[in-house]
Each structure stands twice: as structure tokens, then as C-alpha cells.
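Single-structure report; data block below.
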Amino acid sequence: MTKFIFVTGGVVSSLGKGITASSLGRLLKDRGLNVTIQKFDPYLNVDPGTMSPYQHGEVFVTDDGAETDLDLGHYERFIDINLNKFSNVTAGKVYSHVLKKERRGDYLGGTVQVIPHITNEIKERLLLAGESTNADVVITEIGGTTGDIESLPFIEAIRQIRSDLGRENVMYVHCTLLPYIKAAGEMKTKPTQHSVKELRGLGIQPDLIVVRTEYEMTQDLKDKIALFCDINKESVIECRDADSLYEIPLQLSQQNMDDIVIKRLQLNAKYETQLDEWKQLLDIVNNLDGKITIGLVGKYVSLQDAYLSVVESLKHAGYPFAKDIDIRWIDSSEVTDENAAEYLADVDGILVPGGFGFRASEGKISAIKYARENNVPFFGICLGMQLATVEFSRNVLGLEGAHSAELDPATPYPIIDLLPEQKDIEDLGGTLRLGLYSCSIKEGTLAQDVYGKAEIEERHRHRYEFNNDYREQLEANGMVISGTSPDGRLVEMVEIPTNDFFIACQFHPEFLSRPNRPHPIFKSFIEASLKYQQNK
């Protein structure tokens, strides 16, 4: 039977519940267990797909096309699994589904209430996460902080699930903060005690308490928390601030967290703790020698979480070369043809990531022009690819005013236009081309060198595509279309072979990169940037 672990948080937000959950998932996976993980978000949006990156950070896309919380990126990268649409559940999604059922008459005229209808819907989605993956263990992070009014239906649902499935199949992990009071020179357990008291008042007794702290805890502090929170002493787990997130699984393992969970849930682990690969990764991370400077030219650079997976993928790509990646955050609204060199002259590579909307698009085009004309390694993602074709059309083909129909509906040369199936769609939410699609690679191209194969699969999130009316012109003037959909209709990758490294893709490769397995395009981009740096 599938076992369920619930991770809650108290005292303050941003305690690292997601990292704790994904680190535990990694430990259990390395013990030979089939693990999946999900996030319950208490906000009323159906998904984060239409939310501003300034509000929510990046939108992470799964293989099956779900637009999800950025924490799912942490989960996938840490545990090295591919998640699905059941891995992110929002209050908006739950309420929307219940109200649709009510309108259909599924409740036979009954009064629809938070209990049992909303809580039952939450529990159903919890069970689907396990059923859809045949998981031995489902780890569920509850967003928000214990006591928040928005998360109460989720807390009630996970309380009920213990009665539904049996105590031996359910475990509760609570993350808290142990603040250090500088004036007193000591750490205080009272916030943890009150947080657990709040959780117990809602009917949940934690089995494990993970304590976030700046300093090493004494055994007396652990004993005090165990006494007042009514748990075993060994079930108080210290989680110290770390220089690298990759240290967290090792911290938890050293305190036997995986053993405690396996024993408590009576799991059949196939192996003893195996963290050799993880230790090798951490050794590389802690011994990087030198850095490569990448200019990331974007619209949302004031909130770096908007590009979280891109940043992580760049870091992954630096590890094989033992190089740290220094990201130069460049606000594209400030870049012009005239001042591009001021921002980009000393970078080793230029990356233009995805985005939506007209604002700051001209600055991205100026950055792409600078990369092309000065032979600086360039990598464009999604909108970055679209604007690479726009820049080429304007400055090489001479099509003045060329643009994307998304950004300039009145453009005389719509190099980028709506996907045909999108033309009659008015809603924004959930209507993009989303998820994993195949791409055919053209022989003899940089793309083939990068991937080493003719067919690939990558995740997508876009509504507009390259307009094939301009395909012949671009190819006749030196831009190679190196990747397409299998039917040849949709342009997926472009490159300029006369440059040392100039490649762009319609898909989002950052969603498939792993710390121990960098994505091929990112790795090749960093390799090219390193060569460029060495040849300066």
C-alpha cells in the first residue's frame, strides 16, 4: 500500500519546506523506494499560469503540460523524477472542480460545504498522485504556514486521511524555526512549541520536527523540543543553514531521518543509504575553480525566482568544467543598440530566456543583435528564439518593422504568429501549447552535435510560433532551421552556423536539467562560453 508523508510549516514562511520534502524524497529514492511528491497551494488561482512572475516566480511545466509551482522544479531536480498534473493542487483548482460538480447536479441537491465536499476533493487528488505513479511513498508539502485561514481545508483533509488509511500509512513532518536571540546569546524553542500547539489544535500530532537554525543545536535543546512537543528525541531533526542546498540531504541523512521514516511507515527499503553520487556532486560544488560570466537579458530580473530553472540549469552546466556561473542580471528595458556594449562587452555568453508581452522586448532584440554581430556565444529560449528570428529578419533580411504578432499586432512582417489552433481561443489560462513534444533534429547542425541524436523530446509553453511564410528567406540568408516538429511544420530550433555558437529553441530545456546530468544545450552553451573567455 502507498504510504503518505505530509510536510507542514510553522512560525514563518520560507523555511525551506520544499527543500526538506525533496531532500527526504531523494533519501528514500536512494533506498530503492518509488517516490512521488506533490504541493498543495492554498491560493485561489486554478494554477500559476496566468500569475505575474513578480507575484509567483517562474511557472514550472511538467511532461503532461501542467503549469505548476516552482517548487516542483526543486522536487524534480533533487529527486530526479518527472512529475505530473497531480503533483500540484491549488485551492482554486479544488473549488473549481467542486463547483462544476455542483452545477452538473452531482451532489443531488445537497448543500455543498467545505467539509465534506472540499476536503473529499483534496483527498481524492492526494490519492491520485500515488495511483498515477504506483508510488511506494507520496510526499505532500502543504503551502503556507500553520494557522493560515487559507490552508485550513488542506490541514483538515490530511488530518482525515490518517483515519481513512490507518496511522501506520500516514506520517506528519513539521518544519519550524529556532531563532537565535543575539542579545540573550541563546536559541529559543518557544516559537516551535507554539507552532506545534497550533498544529495539534487542528488535530495533527507531528511525528518528526525539522528545525531550521543558523547554529548547531545542543542535545538539551532537542530534548526540550521533544518533551514539550510530545515526540521522540531522535525525531527532532536539525536543519542548519548551508552554503549549498545540496548539503541538506546529507544533513538529514546524518541524523537518520530516512531510517526513522522507513521504520515508522514499515517500508521495505531495498538498499542501505546510498549517497556516493550526491557526495561527489557536493564535492564538485564546493571546489569550483574560476567563473564564467553569463549575461541574462530579461524582463523580470528584479525577481530572480522568475528564472529559477534557467539559473539552476546554468549552474548544473558549469559543474562538469568545475566552474561557477556568475549571472549578470540585465534588465532588457534598459538595453538599446547604442548602449548594448556597456552591458555585454565583458560577458562570456548571452542568454535571452522566455517571457510574454511587449514591454522590454526591444532590449532583448538589441542584445541578440550584439551577440550575433560580435560572435558572442548566444542561447535563446522560447521568446528568446522568436526574437532571434525577428532580429535576423530586421537586420539581415532588411524587413524593417518585422516583429512578433503577439508584441506588435500591426507589424507588416509577422515573423512570429499565433499557432493555428490558438486563433479562436480567448481565455488565457491553460490554453498554451504545453508539455512534452517531440522534435526532429536536422543532420549536420550544431543542434545534432549538442544532442547527439536525431529525435528529442522537450517541454513547451507557448502560444505563438515562427511564421513559415518567412522560412525560405531566413534559410537563404544564413539562418538554419535545425529542429522542427516531426511533421516539419513547427520550427523548434534555429542557429547561425557562421557564428561559433548561436542557437535558440522554442521549447524550455531548463525544465529537464539535473544537478548530476546537465541539459545538453546548457552544457554546450557553457562550454562555448568558456572557450570564448579563454580566447579573449
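Heads up, the Cβ atoms here are built off N, Cα and C, so glycines get one too.
Note that this is a predicted model, so its numbers are computed, not measured.
Record check, Swiss-Prot: CTP site residues include Asp148, Ile149, Glu150, Lys188, Thr189, Lys190, Pro191, Thr192, Gln193, Lys224, and the candidate from Ser13, Ser361, Ser366, Ser393 also listed there is Ser13. L-glutamine binding, as stated in Swiss-Prot, involves Tyr54, Gly355, Leu383, Gly384, Met385, Gln386, Arg463; the candidate among Glu338, Glu400, Glu406, Glu443 given for that site is Glu406. The ATP site recorded in Swiss-Prot includes Ser14, Leu15, Gly16, Lys17, Gly18, Ile19, Arg240, Asp241, Ala242, and the single candidate from Asp69, Asp71, Asp80, Asp289 that the record places there is Asp71. For Lys224 (CTP binding site) paired with Glu141 (Mg(2+) binding site), the C-alpha to C-alpha distance reads 26 Å.
For the pair formed by Pro191 (UTP binding site) and Ser13 (CTP binding site), distance between Cα atoms is given as 13 Å, rounded to the nearest Å. Annotated pair Glu141 (Mg(2+) binding site) and Gly355 (L-glutamine binding site), C-alpha to C-alpha distance, rounded: 28 Å. Taking every protein chain shown into account, Thr189, Thr192, Gln386 are the binding-site residues, and of these the Cβ with the most other Cβ atoms within 10 Å belongs to Gln386.
In sequence order, Cys175, Arg212, Cys239, Ile248 are the residues of the chain that are 6 or more apart from Gly16 (ATP binding site) and have a CB within less than 8 Å of its CB. Listed recorded positions: Cys382, Leu383, Met385. The one with the lowest count of other Cβ atoms within 10 Å of its Cβ is Cys382.
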